[in-house]
Amino acid sequence: MSEPIRVLVTGAAGQIAYSLLYSIGNGSVFGKDQPIILVLLDITPMMGVLDGVLMELQDCALPLLQDVIATDKEEIAFKDLDVAVLVGSMPRREGMERKDLLKANVKIFKSQGTALEKYAKKSVKVIVVGNPANTNCLTASKSAPSIPKENFSCLTRLDHNRAKSQIALKLGVTADDVKNVIIWGNHSSTQYPDVNHAKVKLQGKEVGVYEALKDDSWLKGEFITTVQQRGAAVIKARKLSSAMSAAKAIADHIRDIWFGTPEGEFVSMGVISDGNSYGVPDDLLYSFPVVIKNKTWKFVEGLPINDFSREKMDLTAKELTEEKETAFEFLSSA
C-alpha cells in the first residue's frame with residue numbers, strides 16, 4: 001500500500017459532496033491501492049449535518065479510508081493537502097445580481113486561497129467546482145502565489161460530458177463512443193461546446209461528428225443551447241441543481257489529473273490561459289482542450305478554428321474578462 005494522501009472536500013455537507021464522497025472513498029478516483037485521509041470542511045451552521053455525513057462514511061467501512069476529519073476550521077482543513085476539491089460556494093439566491101454573487105465568492109475563495117498558501121503542500125492539486133467556478137478558481141490561485149498556477153483547474157467536465165451524451169443520444173450510440181468534444185471558455189451560458197474536432201465510433205470506424213450527423217443546423221443551434229442551458233433545465237425539473245452528474249464529472253476530472261488522459265483523447269478543463277495558441281487573452285481561467293500526463297496538463301495545440309467558433313470563443317473570453325475585473329476590484333478590498 002502507498003502512503004495515504006490527504007484530500008479535502010469543501011461544502012462537504014452539501015448535495016454534490018454527498019454524491020462524490022463515496023467515489024473518493026471507494027477507490028474509483030485515486031485507485032484501488034491508494035489510502036486516503038479525507039477532510040470535510042463546511043461552515044459552522046452545517047456541522048450537525050456534516051456529522052451525519054461523517055457517520056455514514058464510517059458506516060461504509062471503506063478499506064481505503066484511513067481517517068475522516070470533519071471541521072469548520074480552515075487551518076485544520078487545509079493542512080498538508082495533496083488534493084483540494086473546492087465545492088462549497090455562495091449559491092445564487094433569487095433576485096441576486098451576478099455582481100453580488102461574485103463579491104460573496106471572492107471573499108470565500110480569497111480566504112481559501114490564503115489557507116492553501118499557508119497550510120497545504122506546494123504540490124497540491126486544486127479543483128474548483130463552486131460557481132462562478134472559473135473566476136473563483138482564479139481568485140484562489142491569485143491568493144496562493146507560491147503554488148504553481150498550473151495546479152489550479154476548474155470543472156467544465158460536466159459540460160463536456162453533457163455535450164458527449166447529447167451527440168451520443170442523437171446518433172443512438174453510447175457516450176463512450178464519442179470523444180474529443182471541447183468546451184471553450186466560461187462555465188456559464190456563454191460556454192462554447194465545440195464538436196468540430198470530435199469523433200464518433202460507428203460500426204467500428206471513427207468518423208467526424210459533423211460527417212456522422214449530417215445536420216449542421218442542429219449542431220450549430222439546438223445542440224449548443226441544450227448544453228449551455230442544461231444546468232437550468234435540471235433545476236427546473238428537479239427543483240435542485242445537478243448533483244449526481246456533477247459528482248461524476250468531478251471524479252472524471254480528478255481521475256484524469258491523477259492517471260492521465262487516454263492516448264488520442266483530450267478532455268476539457270478550466271485552466272490558466274497563459275501561452276495558449278488560440279488567441280485567448282493571458283491570465284484568464286478559461287476552459288480548453290487538454291491532454292494530461294504525469295499529473296501535468298498541456299493544451300491541445302494546432303486545432304483549426306473556423307469563424308463560427310472564433311466568434312463564440314471571443315464572446316465567452318469577454319465575459320470572463322469582465323468577471324475577472326469585477327472580482328479583482330473586490331479582491332483588493334476583501
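Using the three backbone atoms N, Cα and C, a Cβ is placed for every residue, glycine included.
What Swiss-Prot records for S2 is N-acetylserine, and it gives similarity to another entry as the kind of evidence. Under DSSP, S2 (N-acetylserine) is assigned to coil, being neither helix nor strand in the three-state scheme. In sequence order, D33, Q34, P35 make up the list of same-chain residues 6 or more apart from S2 (N-acetylserine) whose Cβ falls under 8 Å from its Cβ.
Residues or ranges marked as NAD(+) binding site in Swiss-Prot: G11, A12, A13, G14, Q15, I16, A17, D42, N105, Q112, V129, G130, N131. Proximity of A13 (NAD(+) binding site) to non-local residues of its own chain (separation of 6 or more, Cβ distance below 8 Å) is seen for L40, D42, M46, M47, V49, L50, V53, given in sequence order.
As annotated by Swiss-Prot, substrate binding site applies to R92, R98, N131, R162. Annotation for R98 (substrate binding site): same-chain Cβ neighbours under 8 Å, separated by at least 6 residues, are R92, P132.
Feature annotation from Swiss-Prot assigns N6-succinyllysine to K110 (among others); the stated evidence is a large-scale study or a structure entry. Look at K110 (N6-succinyllysine): DSSP puts it in a helix.
Sequence-distant contacts of K118 (N6-acetyllysine), defined by Cβ-Cβ distance under 8 angstroms and a gap of at least six in the same chain, are E75, F78. DSSP gives K118 (N6-acetyllysine) a helix state. Annotated N6-acetyllysine per Swiss-Prot: K118 (among others), in sequence order.
Here Swiss-Prot flags K121 (among others) as N6-acetyllysine, drawing on similarity to another entry.
Long-range Cβ neighbours of H187 (active site, proton acceptor) (same chain, at least 6 residues apart, Cβ-Cβ under 8 Å): N131, P132, A133, N134, C154, L155, T156, D159, G270, S287. According to Swiss-Prot, the active site, proton acceptor annotation covers H187.
Annotation source Swiss-Prot lists N6-succinyllysine at K214 (among others), citing a large-scale study or a structure entry. DSSP classifies K214 (N6-succinyllysine) as coil under the three-state reduction.
Sequence-distant neighbours of R230 (omega-N-methylarginine): residues of the same chain at least 6 apart with a C-beta under 8 Å from its C-beta are D159, R162, S242. R230 (omega-N-methylarginine) falls within a helical segment according to DSSP. The omega-N-methylarginine annotation in Swiss-Prot covers R230.
The phosphoserine annotation in Swiss-Prot covers S241 (among others). The Cβ of S241 (phosphoserine) lies under 8 Å from the Cβ of Q15, G231, V234, I235, each of these being in the same chain and 6 or more residues away along the sequence.
Within 10 Å of the Cβ of K298 (N6-acetyllysine) there are 14 other Cβ atoms, across all protein chains. Annotated N6-acetyllysine per Swiss-Prot: K298 (among others), in sequence order.
DSSP assigns S309 (phosphoserine) to a helical segment in the three-state reduction. The phosphoserine annotation in Swiss-Prot covers S309 (among others).
Here Swiss-Prot flags K318 (among others) as N6-succinyllysine. The DSSP secondary structure for K318 (N6-succinyllysine) is helix. Sequence-distant neighbours of K318 (N6-succinyllysine) (same chain, 6+ residues apart, CB-CB distance under 8 A): none.
Feature annotation from Swiss-Prot assigns phosphoserine to S332 (among others). Counting only residues at least six positions away in the same chain, no Cβ atom sits under 8 Å from the Cβ of S332 (phosphoserine).
Following the DSSP three-state reduction, the secondary structure of S333 (phosphoserine) is helix. For S333 (phosphoserine), the count of additional Cβ atoms within 10 Å of its Cβ stands at 8 [all protein chains shown]. What Swiss-Prot records for S333 (among others) is phosphoserine.
Nearest Cα neighbour of S309 (phosphoserine) among the listed recorded positions (N105, K110, K121, K214, S333): K214. Recorded residues A17 (NAD(+) binding site) and K110 (N6-succinyllysine) have their alpha carbons 21 Å apart, per Cα-Cα distance. Ranking the recorded positions Q15, N105, N131, S309 by how many Cβ atoms sit within 10 Å of each one's Cβ puts N105 at the top. Closest in space to N105 (NAD(+) binding site), of the modified residues given as K121, K298, S333, is S333, taking the CA atom of each residue.
Taking the C-alpha positions, the distance from S333 (phosphoserine) to K110 (N6-succinyllysine) comes to 11 Å.
Comparing the Cα of K110 (N6-succinyllysine) with the Cα of every entry in K121, V129, K214, K298, these being the recorded positions, the smallest distance points to V129.
Note: the CA-CA distance between V129 (NAD(+) binding site) and K298 (N6-acetyllysine) rounds to 21 Å.
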